[in-house]
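> Here's a structure for you.
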Amino acid sequence: MSCVHNNTSFPVQIEAYLKEVFEKYKELQESKDTSLTARFARALKYYQFLIYTAFSDPKFGIGQGENTRGLLIYHQMGMGKTILSLSLAISLSHIYNPILIAPKSLHSNFQQSLLKLIKLLYPETTDPSKELQKISRRFRFVSLDAYNMGQQIIKAGGSLNGCLLIVDEAHNLFRGIINSANDKTNARQLYNNIMQAKNIRILFLTGTPCSKDPFEMVPCFNMLSGRILLPLHYERFYTAYVNKTTNSPLNADKLLNRLVGMISYAGNQNELNKLFPTELPLIIEKVEMSPEQYRQYLLARDVENAEKHASSGMHEKINTAALCLPGSEQESGSSYYVRSRMISIFASEMLTIKEDEKLSEAVQQLPKEAFTETSSPKIVCMLKNIKTSPGPVLIYSQFVELGLHVVARFLEIEGYQCLQPLKVLEEGHNAILLHKDGKDLMVKNFAEDEPTHTLVLSSKITRFTLITGKILSKERDMIQQLWNSPLNIHGEVIKILLVSKTGAEGLDLKYGRQVHILEPYWDKAREDQVKARIIRIGSHDALPPEEKTVQPFLYIAVANQKMFYSIPEGSQEQKTIDERFHERGLEKSHLNSAFRDLLKRAAIECAFNGESGCLMCQPTNALLFHENFERDLRLPNPCQPLVKTEVKAYSISYEGKQFFYQKNKGVGLGYTFYEYNPIIKAYIEIKPSNPLYIKLIKHVQAGTTV
């Protein structure tokens with residue numbers, strides 16, 4: 001069986017196929033079959049096995065032949081996208097060369113996930129690490145954030161021809177492409193290489209597609225289809241598919257037709273949601289700046305406004321280059337607001353930096369007097385909330401030196417101890433540095449050594465640690481293992497983990513009870529990414545039901561009211577930068593969320609999962625879309641809604657096959673005929689244009705039934 005995605009019959013064909021795969025999955029779950037397929041059925045969740053089978057089945061066609069070249073794996077964060085991609089890499093490695101592209105900090109995540117998968121596949125093995133080495137030799141790793149990514153790809157396989165390309169955190173690639181001013185960037189070079197590659201299979205892994213702008217869909221689906229499926233220019237894309245008046249999708253039906261067959265979505269199913277901890281409603285703490293803090297904030301805003309006016313002419317012309325966002329969109333991530341946003345977190349005149357002194361050193365020397373409700377009301381408010389947490393706590397800030405490091409210094413002053421992984425130990429050790437009775441103690445093999453457990457837990461010190469982009473992957477893994485230790489269920493080992501954007505990516509954490517986001521961002525998907533570090537499938541299984549909850553907090557700095565009303569009317573900024581970022585984020589989130597809903601409706605599992613609004617057409621075998629998107633918009637929609645009804649009809653046999661018919665004077669030549677379609681396991685109407693139609697009429701009129 002094979003099916004082509006640009007066909008009205010594809011949606012019903014894929015639904016029927018997945019139903020068959022699911023029945024096979026249930027059988028293999030209970031069997032003692034030792035084949036590789038059976039082992040994967042027992043190792044994978046059902047939603048993973050559906051995609052594993054559809055993608056690896058040489059007869060079906062997902063990602064091969066006349067079909068597209070791969071899938072956007074849009075699975076809710078924490079549902080095992082890495083395990084799914086590694087399963088396909090193992091199964092297809094004899095045909096395609098697996099190349100895994102991810103930020104450098106996440107490479108070890110793949111190794112850990114691969115070891116986990118090997119243990120699931122081969123529970124009888126006594127040495128999974130040996131099998132890990134054997135399988136790992138088939139894979140090539142490339143750093144998405146490396147300056148020489150192109151050279152790494154050449155070294156990994158010479159080219160992308162004949163490879164299985166797996167891109168983790170793929171939304172970063174999509175953003176990188178549309179933020180590129182030219183073809184010289186890593187992201188744009190990778191896009192061009194993928195578009196030119198032959199015999200390539202692709203898996204884009206992300207839990208947050210369309211997080212910055214719907215235009216991210218363009219490079220994504222052009223690469224998956226291997227052709228210009230969506231318009232390259234921002235203005236053309238928005239004219240075709242975005243209603244700017246209502247801030248919602250336009251021509252959604254035509255866009256769905258083009259996307260079907262390239263998306264896998266998992267995340268809304270009730271049975272899956274039961275496996276996640278409960279995310280409690282977001283608590284937004286609007287923290288009024290102190291008079292001194294607000295004074296510094298206003299000075300910073302004056303400087304930022306002056307810089308903005310000085311460069312105002314630089315972005316007036318709309319950037320119409322292919323695969324580029326207009327210049328006005330690039331402003332959101334600019335440096336214009338960095339000063340004021342950092343002051344919104346911490347403002348102390350005690351933070352003075354000499355020419356020969358690094359900022360981090362200056363932060364480390366801050367005295368207790370520097371941390372008051374005058375200098376850091378946000379941090380003071382956050383710590384009050386943290387003290388109410390019954391378990392581990394995650395803190396996020398975009399800013400490292402004047403965000404996370406300032407918080408870390410405040411925690412030290414408050415009596416918390418910084419837990420630091422040691423860099424000099426042999427690979428495989430879980431080592432920490434802790435302070436007890438005035439001495440520094442090196443603790444090795446934490447995960448295995450019982451006396452070490454006693455030593456750590458008896459110290460009765462509340463610990464915190466940091467993961468930023470500068471930390472080594474081995475140290476990062478060590479911290480994650482310590483956090484996820486059964487001994488850390490209530491934060492006994494690590495109570496607080498501070499993470500940056502880069503540091504947070506790929507973390508898989510258990511037991512977390514609170515998430516604190518220190519400043520809003522105009523991209524709400526980033527906040528979702530942070531929360532998803534501890535809101536994951538099975539992350540709270542070890543906790544009793546009443547403790548399987550996560551409370552998120554967001555901190556927004558607002559104006560000092562007394563000073564605000566003392567400013568002459570007309571000179572006031574009605575909203576702080578924090579407030580503007582938050583509101584902008586909600587506005588953008590509305591549009592991006594609407595496009596993500598379209599992706600869910602076009603997902604190959606949509607109808608199988610019983611979701612509403614799925615793209616389901618009458619299987620007429622007509623083309624689902626015209627290759628030219630502008631002409632496609634002018635043509636009638638070939639996808640006529642599929643309506644399943646029961647009709648009363650007569651049975652006849654013709655040339656050994658059974659057909660049904662109705663006498664209907666208002667249709668065709670007075671008859672409606674139906675034939676059985678084994679792919680969708682239902683009867684479909686035979687069109688009058690089909691030569692079989694006339695033969696069946698003659699057959700009926702002749703009065704024969706054989």
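A Cβ is built for glycine as well, from the same backbone N, Cα and C atoms used for every other residue.
Okay, these came from Swiss-Prot:
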- 62-227: domain 'Helicase ATP-binding' (DOMAIN)
- His75, Gln76, Met77, Gly78, Met79, Gly80, Lys81, Thr82: ATP binding site (BINDING)
- 168-171: motif 'DEAH box' (MOTIF)
- 378-599: domain 'Helicase C-terminal' (DOMAIN)
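I'm curious about the neighbourhood of these features; can you describe it?
In this structure, Gly78 (ATP binding site) belongs to neither helix nor strand by DSSP; it is coil. Note: Gly78 (ATP binding site) has non-local neighbours Gly207, Phe276, Asp508, Ala532, Ile535, Arg536, Ile537, Ser539, i.e. same-chain residues 6+ apart with C-beta under 8 A of its own C-beta.
Per-residue confidence over the motif 'DEAH box' (168-171) averages out at a pLDDT of 93.
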> Would you list the other residues of this chain near ATP - those whose C-beta lies within 8 angstroms of the C-beta centroid of His75, Gln76, Met77, Gly78, Met79, Gly80, Lys81, Thr82 - in sequence order?
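Same chain, not in His75, Gln76, Met77, Gly78, Met79, Gly80, Lys81, Thr82, Cβ within 8 Å: Gly207, Ala266, Arg536, Ile537.
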> Drop a 10 Å sphere on every Cβ of the binding-site residues Met77, Met79 and tell me which sphere holds the fewest other Cβ atoms.
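The binding-site residues Met77, Met79 were compared, and Met77 has the fewest Cβ atoms within 10 Å.
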> How many other Cβ atoms are found within 10 Å of the Cβ atom of Gln76 (ATP binding site), counting all protein chains shown?
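Neighbour count, Cβ to Cβ under the 10 Å cut-off: 22.
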